[in-house]
Amino acid sequence: MAPVCVLVGPPGSGKTTVGQALAELLGVEFRDTDLDVEATAGKPISEIFIDEGEAHFRALEREAVAAQLASATGVLALGGGAVLAEQTRAALVGHTVVYLSVELPDAVRRVGLGAGRPLLAVNPRATLKHLLDQRRPYYAAVATATVVTDGRTPEQLAVEVAALLAA
């Protein structure tokens, strides 16, 4: 089994929102590895960062990604930093991976400058810019397709991704 597609991208790119709309459009299940991590840990990601640290969160994230790549059959959204792990990038080979690209102004507007996002807690705009700059090459490297999300609704994006999948 394999997911219909895997969505990757930075915070604010719309992975969860677009993923839910896409899954509904395709009539398949939607999974978000961030939610899987929270279920495994029994607490929100922000608390995992505070209590156990980012390294522990990333280990849980790698496990969640590996499990979902092996079992998910619908649309799978990965956490924004999942592609930083070489193990995850290697596991994505052979999957249909859609990179939801977003520029800083739209990302800032969508994430609300750090609400519930531990990596954006201090100087969120500068941190988000750094994350975008740091991670873009990783998203591009794993992607089989890229969709620009700026100024578009989740429904418009879901239709575009569905068309890419059908092509």
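Placed from the backbone N, Cα and C atoms, the Cβ positions cover glycine too.
What Swiss-Prot lists as ATP binding site is Gly12, Ser13, Gly14, Lys15, Thr16, Thr17, Arg117, Arg152. For Gly14 (ATP binding site), the Cβ neighbour count at a 10 Å cut-off comes to 24, with all displayed protein chains included.
Here Swiss-Prot flags Thr16 as Mg(2+) binding site, drawing on sequence analysis. Listed in sequence order, Asp32, Asp34, Ala77 are the same-chain residues at least 6 apart in sequence whose CB falls under 8 Å from the CB of Thr16 (ATP binding site). According to DSSP, Thr16 (ATP binding site) is assigned to a helical segment.
In the three-state DSSP scheme, Gly80 (substrate binding site) falls into the coil class. If you look up Swiss-Prot, you'll see Asp34, Arg58, Gly80, Arg135 marked as substrate binding site, on the strength of sequence analysis.
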If you take the centroid of the Cβ atoms of Asp34, Arg58, Gly80, Arg135, the listed substrate site, which other residues of that chain have their Cβ within 8 Å of it?
Pro11, Glu61, Leu78, Gly79, Gly81, Ala82, Val83, Leu84
Measuring Cα to Cα, tell me the gap between Arg58 (substrate binding site) and Lys15 (ATP binding site) in whole angstrom.
18
What does the structure give for the C-alpha distance between Lys15 (ATP binding site) and Gly80 (substrate binding site)? Integer Å is fine.
9
Would you count the other C-beta atoms found within 10 angstroms of the C-beta of Thr17 (ATP binding site) for me?
18
From the Cα of Gly12 (ATP binding site) across to the Cα of Arg135 (substrate binding site), what is the distance in angstrom?
13
